[in-house]
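Student: This structure is in structure tokens; I'll ask about it shortly.
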Amino acid sequence: MSNPNNYRFQVNLSGMINILSNHLYSNPRVFLREVMQNAVDAITARNQLETDYQGKVHIELAGSGAGSTLIIEDNGVGLTEEDIHEFLAQIGQSSKRGEAAFTGETTFIGRFGIGLLSCFMVSDEIVMVTRSAKGGPTLEWRGQPDGTYSIRTLDTDLSAGTKVYLRCKAGSEMYYEPQELERGLYYYGALLPYPITFNNGTSSKVVNDYRPVWIQDPDLARSNREEVLQYGERLMGEQFRDFIPLRTASGRTAGIAYVLPHAVNLNAKRSHQVYLKYMLVSDKAENILPDWAFFVKCLIWTDELQPTASREHFYENERLEEVRDELGEAIRSELMRMADYDPDRLQHIIQLHALSMKALATEDAEFYRIVHRWLPFETTYGRRTLGEMLKEHDHIHFTLTLDEYRQITHVASAQSLLVVNGGYIYDAELMALLPDVNEQVVTERLLPEDVSMSFTDLTPQERKDYYEKTRLADMALQRFRCQIQLKRFKPAELPALFTLSKESSDLRSLEAAKEVSTDTLSSILGSLGSSMQQSAYSTLYLNLDNPVVRRIFQPGSEEMMQVAVEMLYVNALMMGHYPMNKQEMAVLNQGILRFIEWGLSAGGRGDSL
Ligand SMILES: Nc1ncnc2c1ncn2[C@@H]1O[C@H](COP(=O)(O)OP(=O)(O)OP(=O)(O)O)[C@@H](O)[C@H]1O
């Protein structure tokens, strides 16, 4: 008696087919890739039986619009009736896996036994007429999306191979457009080593009539520059001006890395076109080059990587890791070679793709040593390459953050101090690493406090004279938790400089958050803030060399002391690009009004500040 608690999983075939065909692939267009791939695999399989046999694929479009039928014909290995039951009729079963597991290596592109189902996205029925190269009759298989199929033997004596018939499903007309098909066939099959012919109903042509010599040996690309650039444009739709040939030591993966003609964002998607056994399987492969190589878009052909079922990515395995390292090395060594033989070309690449170059330099000291003189940085002298800086300086200061740089920049440039803004990604790290690759130079992190140290102190007499006024000024800014320091510094045109300790910077951020938070959150932030307030002081340096500041500190200007100091404070905040809170905005607005009022009445009196 059977055990009443044992049941068998039931598979809803039409549901499965729907999921696989509509949700595995990003676009119904990929049906063309899947049928082409099967044709290519069938030719590979036949090649294993007959070595000097010449494969070919023929695609024919009959009818038009809703009445279109597409026929994909190959002279590959074909199928016997046994093969049909085993491989065609069993979802997930494939004749191509052999001994290899899903992620192991095979001579074929397919392996999952599901690709053909993608045809149900564009056709309500798949008809296959096939005859095996191993012998047997010509067979017709008809598969339906509900999971049923029929087989019958045909009287016609077809030569070995397979024809797949797809009839346009309602709403899929666009996938049967002749131009669309021709473009797709070229896209997927441009690199295939045998002819792909397409008959659009009126005329026939070989889609991949030209196959470049440098596909076999990418080094030949160097002497065919124009052709390589044009080929890249045709396949990738972008006008490139430079490229780097790629090849791994085994030669099983090779390609062309086209240098992007425009600067790219660090987070931009890096999608490369990857051909497996010379057929395009992915135009979205992201993980095939090292992260730093985001300045290139590649055409890569390989026979050793394993695609995932959607074909959009490759298995992240040891082999992929090795390939990625080797391709990265090919790009890196070409750049290093350029430094010697073609420095102008390298400089052009660096100008356009400094970020990518810096990303590599941070992880590769040798590369950094070779290219460092061309890398650009933002400095208090403007945008400068390291080479330009090193001509005049053997001691370079840098900040760690953008905030620190903002605080320092006015004073540092007024004192002719070269400071590199280390606030952008990689820059501070590269500055810290610079002495390791160039022994002639010393680099040093600069803090805002270090710059203010170079201010000139007042004389004891001045300090005495200005004591009372400084106290008043200090009181004016107490509610902003900012203290006043009266100094002399350059440039004289700069009346005030605002600096922020780490703690007061945190407090400013907390307060900014509090202003836009809900009540509960704002009370939590409030209690957090009050525990910091005791010590969180910022400093406003006032410059006694500045004529306006000097006038404010002269006797007789007490009346406007508070407003003037408050205005200098908000002005210094703006100069340092600090976001202002509500209170500070209010001070700015009222201050402006009061100055207008003063100006008007002073104008009436013929007086001025
Ligand atoms: N043109 C063809 N010639 C010979 N056999 C074919 C052809 N097309 C399909 N087949 C057979 O049908 C099987 C299933 O094809 P399908 O495209 O669904 O999966 P696959 O190619 O094996 O794997 P994948 O899902 O990775 O593409 C294949 O394994 C192959 O045996």
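The chain as shown is numbered from 1 upward.
Using N, Cα and C of the backbone, Cβ positions are placed for all residues, glycine too.
Found this in TrEMBL, in case it helps:
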- GLU34, ASN38, ASP74, THR162: ATP binding site (BINDING)
Student: If you skip the near sequence neighbours and keep only those at least six away, which residues in the chain come within under 8 angstroms of THR162 (ATP binding site), Cβ to Cβ?
Tutor: ASN38, ALA39, ALA42, GLU73, ASP74, GLY76, GLY78, LEU79, MET128, VAL129, THR130, ARG131
Student: Other than GLU34, ASN38, ASP74, THR162 themselves, what residues in this chain have Cβ atoms within 8 Å of the centroid of the ATP site's Cβ atoms?
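Tutor: Near the ATP site, the remaining chain residues are VAL35, MET36, GLN37, ALA39, VAL40, ASP41, ALA42, ILE72, GLY76, LEU116, VAL164.
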Student: Can you tell which of GLU34, ASP74 has the least company, meaning the fewest other C-beta atoms within 10 angstroms of its C-beta, among these binding-site residues?
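Tutor: Output over binding-site residues GLU34, ASP74: least Cβ neighbours within 10 Å is GLU34.
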Student: Going by DSSP, is ASN38 (ATP binding site) sitting in a helix, a strand, or coil?
Tutor: helix
Student: If H, G and I count as helix, E and B as strand, and all else as coil, what does DSSP give for ASP74 (ATP binding site)?
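Tutor: Its secondary structure by DSSP: strand.
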Student: Which number gives the other C-beta atoms within 10 angstroms of the C-beta of ASN38 (ATP binding site), all protein chains shown included?
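Tutor: There are 23 of them.
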Student: On the Cα atoms of GLU34, ASN38, ASP74, THR162, which are listed as binding ATP, what is the maximum pairwise distance in Å?
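Tutor: Largest Cα to Cα distance for the ATP-binding set is 14 Å.
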